[in-house]
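Feature annotations, courtesy of TrEMBL:
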{"type": "DISULFID", "residues": "CYS18-CYS82", "note": "disulfide bond"}
{"type": "DISULFID", "residues": "CYS31-CYS92", "note": "disulfide bond"}
{"type": "DISULFID", "residues": "CYS62-CYS72", "note": "disulfide bond"}
{"type": "DOMAIN", "residues": "1-93", "note": "domain 'SRCR'"}
{"type": "DOMAIN", "residues": "108-152", "note": "domain 'SRCR'"}
Amino acid sequence: SFEGRVEVYHDGKWGTICDDQWDDRDAEVVCRQLGLSGNPKALSWAHYGQGSGPILLDEVECSGNELSLDQCKKSDWGQQNCDHIEDAGVSCDPFTGTDLQLYADGTVRLAGGRGPREGRVEVYYNGDWGTVCDDGWTDLGAQVVCRQLGFR
């Protein structure tokens, strides 16, 4: 409910945003526009999966003070040089604010699955969530993660 691929509605259709120039200042504006507080983080390279349909914005460069993406410097609507592998994402994680740290380093979670018992493995470290590389990943590693999450 507070993170995912960023999609915008323009001229009667939904589309994605290319991650060229995408940074935490852009994420701050998206979180503000959605009415979400927390620690805004920009994610690139289709971190939350590739979208479909048009890529509507590219080269978004917010200062961080805007009320909506429409007020930020950006390419013209529909003018882009990207593929969906570059879809921009945002996390407005209310649990990683600077004054409130509810997670210990090494906490794991699953993200992007069809249900609570599957998904991409993410690990919390030094105030941020990150992914786990699959080099050397085996069923044994999956069993450890499942046990850590309380699944049998």
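Here the Cβ of each residue, glycine as well, is placed from N, Cα and C on the backbone.
Model, not experiment: these values are computed from the prediction.
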Practice problem: Rank the disulfide-bonded residues CYS18, CYS31, CYS62, CYS72 by the number of other Cβ atoms within 10 Å of each Cβ, and give the residue at the low end. | Solution: CYS72
Self-check item: Inter-residue C-alpha distance, CYS18 (disulfide bond) and CYS92 (disulfide bond) (nearest angstrom)
Solution: 18
Quiz item: Non-local Cβ contacts of CYS92 (disulfide bond) (under 8 Å, 6 or more apart, same chain)?
Solution: PHE2, GLU3, ALA27, VAL30, CYS31, LEU34, LEU36, SER37, GLY38, ASN39, PRO40
Exercise. Calculate the distance in Å between the alpha carbons (Cα) of CYS82 (disulfide bond) and CYS72 (disulfide bond), and round it to a whole number.
Key: 19
Exercise. Mind tallying the domain 'SRCR' (108-152) by DSSP state, helix then strand then coil?
Key: 10 helix, 16 strand, 19 coil
Self-check item: Model confidence over the domain 'SRCR' (1-93), averaged pLDDT
Solution: 89
Practice problem: Quick one: give me the count of other CB atoms within 10 A of the CB of CYS82 (disulfide bond). | Solution: 17
